[in-house]
């Protein structure tokens with residue numbers, strides 16, 4: 001099993017190209033199921049999750065041709081309407097095939113999802129919404145089994161804001177009969193990106209980017225070309241890294257406009273930020289200031305950035321309060337950060353982070369995707385060597401992270417098998 005070995009203390013300098021957004025690419029790949037025509041995508045990140053999604057689509061009969069960050073898809077010979085457990089268990093985003101399959105083919109069988117073990121993350125809102133559109137849904141042998149002759153437009157209000165739920169219902173509604181109104185919809189940039197692709201495919205959608213999306217169903221969708229937006233979480237992670245190590249880095253292929261809350265908090269921490277079309281520069285000198293955060297749905301502070309900013313707070317000059325409002329059980333990185341010398345107490349959904357003058361390297365274990373990133377940031381700032389185990393979590397959502405960091409001057413390497421012994 002691969003690990004990362006980091007020798008901390010190196011300041012980061014240089015430029016890094018940010019990859020396409022994982023949380024945009026996954027639903028967009030699934031949207032190819034909505035048409036028999038070719039869908040041509042660019043800026044698709046090279047991640048374990050995108051590779052898993054392409055394997056899943058391939059098992060269904062979708063033809064896919066990949067060349068670096070470009071993917072051409074065509075779902076004109078779909079022969080399976082099932083997403084099996086062996087693929088779904090590693091990636092909860094597999095549930096995103098449910099809406100497109102049901103809308104176009106009238107049937108879908110999707111195993112209950114896996115992915116990061118962060119709380120319950122239920123799919124009940126997906127089911128509730130699809131049932132409102134006329135689907136008959138049962139649970140059979142661990143599968144969500146959905147059937148509908150043709151979905152019919154309806155007003156759907158989810159009990160909570162759910163990004164994947166909004167995306168599933170948005171895709172399903174594009175081919176439904178009549179008008180669908182999604183209330184309490186997610187406003188994330190990745191939802192907007194999906195909607196923009198669907199509009200290129202012939203969907204009639206208004207209000208994406210607000211909490212009320214209106215979809216007028218059409219008979220069929222056609223092919224399209226689309227460029228996936230840049231990954232705001234990867235961008236934020238690299239800015240947290242330079243905040244922890246000090247230095248001067250410039251991010252390319254990124255968009256400051258979709259990173260408001262993250263940039264605000266990093267500025268508060270003492271990172272000097274400049275930005276322009278397609279780039280963000282982060283300069284850090286001295287010790288970071290403590291920054292309190294409360295996670296919220298977009299445009300609030302993203303739960304996917306909570307662990308990384310906590311890593312920055314561990315070496316801040318003071319105490320910070322971190323409140324996790326989105327997912328339960330999303331402080332699994334705290335125990336590992338404490339192994340590096342962090343001073344953190346947890347009380348329910350709140351963590352109290354008392355900054356220390358320095359962290360010291362140790363062997364730690366990644367528990368989920370963003371926790372992995374927080375340990376990388378802490379390891380970069382720590383004195384001595386840090387060895388991070390279970391980095392397959394990191395590979396799910398970061399495109400060649402250690403190579404990008406090494407190009408910025410970090411002392412980081414991937415070790416395989418028994419190299420670390």
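Numbers run from 1 along the shown chain.
Cβ coordinates are placed from backbone N, Cα and C, and glycine is handled just like the others.
The active site, proton donor annotation in Swiss-Prot covers 116. Per Swiss-Prot, the feature phosphoenolpyruvate binding site maps to 22, 23. According to Swiss-Prot, the feature UDP-N-acetyl-alpha-D-glucosamine binding site maps to 92, 121, 122, 123, 124, 125, 304, 326. Sequence annotations record features per position, and here Swiss-Prot assigns 2-(S-cysteinyl)pyruvic acid O-phosphothioketal to 116 based on sequence analysis.
Every protein chain considered, the tally of other Cβ atoms within 10 Å of the Cβ of residue 326 (UDP-N-acetyl-alpha-D-glucosamine binding site) stands at 21.
Look at the binding-site residues 124, 304 and count other Cβ atoms within 10 Å of each Cβ; 124 has the fewest. Around residue 22 (phosphoenolpyruvate binding site), the same-chain residues at least 6 positions away in sequence with a Cβ under 8 Å from its Cβ are 45, 47, 49, 50, 231, 233, 396, 397. Note on the binding-site residues 23, 125: the fewest other CB atoms within 10 A surround the CB of 125.
Residue 124 (UDP-N-acetyl-alpha-D-glucosamine binding site) sits 20 Å from residue 23 (phosphoenolpyruvate binding site), counting Cα to Cα. With respect to their backbone Cα atoms, residue 92 (UDP-N-acetyl-alpha-D-glucosamine binding site) and residue 23 (phosphoenolpyruvate binding site) stand 11 Å from each other. Straight-line distance linking the Cα atoms of residue 23 (phosphoenolpyruvate binding site) and residue 304 (UDP-N-acetyl-alpha-D-glucosamine binding site), rounded to a whole number, equals 11 Å. With a 10 A radius on its CB, residue 123 (UDP-N-acetyl-alpha-D-glucosamine binding site) counts 19 other CB atoms from all the protein chains.
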